[in-house]
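In what follows, a single structure is set out as structure tokens and then discussed.
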Amino acid sequence: MAPKKSSMPLIFFPARGQVLPEPLGLVLIFSSWNFPISLALDPVIGAISAGNSVVLKPSEQAPACSSFLANTIPLYLDSKAIKVIEGGAEISQQLLQQKWDKIFFTGSPSVARIVMSAAVKHLTPVTVELGGKCPTIFDYLSSPSDTEVAVKRVVGGKWGPCNGQACIGVDYVLVEEKFAFHLIEMLKKTIKKFYGENPKQLKDISRIVNKHHFQRLRNLLEEPLVAASIVHGGLIDEEKLFIEPTILLDPPLDAEIMTEEIFGPLLPIITLKNIEESIEFINSRPKPLALYAFTKDEAFKRRILSETSSGSVTFNDIMIQFLCDTLPFGGVGQSGFGRYHGKYSFDTFSHEKAVLQRTFFLELEPRFPPWNDFKLKFIRLAYRFDYLGLILLLLGLKR
């Protein structure tokens, strides 16, 4: 929060400049249901550190965590400065009708449009953390051990966090045709190693959050051409809201599973003639929140960085960038805008105020020959408000 000195050009001598962070004021934070603790507290920490007062609206789709936050936060934080308000869509609409100095939203694009429409009425700045279809480029790796590690990280990054219900989880994999069968067999083997023969019996693999999202995922799978592309899994249990880790090979690209964010345990494998075609494939779709690539080809890495746009790029791992608070986290385009984590959270909830201090010392006035009043006023005006006067003075022009 300390002011940061700013170097001043010589033309402003004598003067001092600094940038002073100041709190935005009253902040409204909407958190998501899939990581209902971290996605609530992470932005709250940033807002408090910057000196703001906060209203937190947890997701009603994770009621146990919402209740925990509402009951626990007042025990430790000043309830006059930090409040937790529970409720559904009606409560959210009432909150959005109020005037805020900043709104921070994590969730779906459809709800984000509602939030932004309400924010426009008061010209309230908004940070929006969304998602999108995060691709994973799987290049050929000559070392079997490297391939094994990469496959483990794909399986962990797809089905580990909330069983695919994560905005930065793997949405689909791009791989060369000649390597696809080997990759699928390794994925199957690793899924079995991680989750056993009957994942349905496990207590440590997430269920689908509610019936609405369960039905949405079932509809994705029940499209005839999509169902025909299943090469592993596909088991569903509506009563227990369970969907088995599922792999699909080359589902139709115009099917909903390939046009909408999956947000579930379904993994399409898309084959390409050449892995470098993945760049064109990714660019033909909305910008993702995260892009992953397993490759040792440095030239290919440079192409990915320079020729694609995404919220983040991670090479040879999955989701690890979310845990690194020295890197900003945020989207671009339809995957969101704004950033946070670590110091970036402080910056998101601060206004950087420019401060310039001058003295009354060294006030110079140009002396000119007796020109008419109009010319004299013009030159003096230029001197006071532009560089022209100083240039005339330094050059010592007499005419």
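Cβ atoms here come from the backbone N, Cα and C positions, even for glycine.
Automated prediction, rather than curation, is the source of TrEMBL annotations.
Listed in TrEMBL:
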| type | residues | note |
| --- | --- | --- |
| DOMAIN | 19-355 | domain 'Aldehyde dehydrogenase' |
| ACT_SITE | Glu129 | active site |
| ACT_SITE | Cys167 | active site |
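Rounded to a whole number, the distance between the Cα atoms of Cys167 (active site) and Glu129 (active site) is 9 Å. Counting only same-chain residues six or more apart in sequence, the Cβ atoms lying under 8 angstroms from the Cβ of Cys167 (active site) belong to Ser32, Asn34, Glu129, Leu130, Gly131, Gly132, Cys134, Glu261, Phe263, Leu289. Model confidence over the domain 'Aldehyde dehydrogenase' (19-355) stands at 96, taken as the mean pLDDT rounded to a whole number.
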